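For reference, the structure discussed in these notes is given below.
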Amino acid sequence: MQNRFIDSITQLPKPVATALIPLLNEDFCGHIDASQLATLVKASDMTEEALLLSLLPIAAALAKPSISEFYVGAIAKGESGDIYMGANFELASEALFHTVHAEQSAISHAWLNGEQKIVDIVVNFSPCGHCRQFINELVSGIDIKIHLPGQQPQLLAHYLPYAFGPKDLQVTKPLLSKSNIEFSLNSDDPMIIEAVDQAGLSYAPYTKNFAAVVIETKDGRTYCGRYAENAAFNPSMMPMQMALSNLIRHDRDYSDINRVVLIESSAGKVSLVNATMDTLQAVAAVELEHIVVDPS
Ligand SMILES: [Zn+2]
């Protein structure tokens, strides 16, 4: 079991802890597939909702709240039946806008694994306004069920009345919709090929700046982040922040970072290069590889 779960595992009901420990191996990043979840539900003798609420200390243990030291854990359940944990992430000594919220971490975790719809979000504190707006960008966002400890589950519509969202800006394929933009780029560098593919899966209906970041660690593993825009702009999730929260969910250190690539579209109204360099220089002495690609 990874050291970061030593305290949180003691907060779980005993049968849940016993069934969960074998999953918490060194590769665990908070993804539990539908069959593993069914096994946990059975072992726990709880409802699925009660089980998910009981797992929140494990999700919160994925956090890196370097400034607030306030641990938030969230779990997004995808339409596939798999669950994806997420946690808050803050950049030590840097501006607060670099922060990734637990719900954003969990949702992006699900999206990076190919989920096209989220049905439930379970979180240990009431979602902040920023996260309510972020969730409202998702496919059927207003109908996502929010579960909080000690509260009846409620739809996002309850937490975000009179919502403003993608529909108000005539966006018909909201975040998590299946889409794939093709770019023309000749490269035999696997990391660049991966980043181009991920940029094609990004969500940028407002600026058309389809973009992704791939971080490679010294052992050759890669951690990706896609750009996820928001109708209200500010709750947008930058690909670099998404990639860093992915890296941290996998229990990797900034000192493991070897290369970082940002791919973005030449057809975008904005560029993420300055913002990405700003974040990167806060975590690693690595030069950003920036490649602008043409949609094909
Ligand atoms: Zn939030």
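Using N, Cα and C of the backbone, Cβ positions are placed for all residues, glycine too.
Remember, predicted model here, so these are calculated numbers, not experimental data.
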His98, His101, His158: which one does TrEMBL list with Cys128, Cys131 for the Zn(2+) site?
-> His101
Determine which residues of the same chain, besides Asn88, Phe89, Glu90, have their CB within 8 A of the center of the CB atoms at the recorded substrate site, and list them by sequence.
-> Ala63, Lys64, Pro65, Ser66, Ile67, Ser68, Val72, Ala87, Leu91, Thr99, Val100, His101, Ala102, Ser105, Ser245
Enumerate in sequence order the binding-site residues Asn88, Phe89, Glu90, His101, Cys128, Cys131 whose Cβ-atom distance to ligand 1 is under 6 angstroms.
-> His101, Cys128, Cys131
Per DSSP (helix/strand/coil reduction), His101 (Zn(2+) binding site) sits in coil
Those residues of the chain, 6+ apart, with a Cβ under 8 Å from that of Phe89 (substrate binding site) = Ala63, Lys64, Pro65, Thr99, Val100, Ser105, Gln241, Leu244, Ser245, Ile248
Out of the recorded positions listed (His101, Glu103, Cys128, Cys131), which are within 10 Å of Asn88 (substrate binding site), Cα to Cα?
-> His101, Glu103
Near-site residues: Zn(2+), ref His101, Cys128, Cys131, CB cutoff 8 A to centroid = Ala102, Glu103, Gln104, Pro127, Gly129, His130, Arg132, Phe134
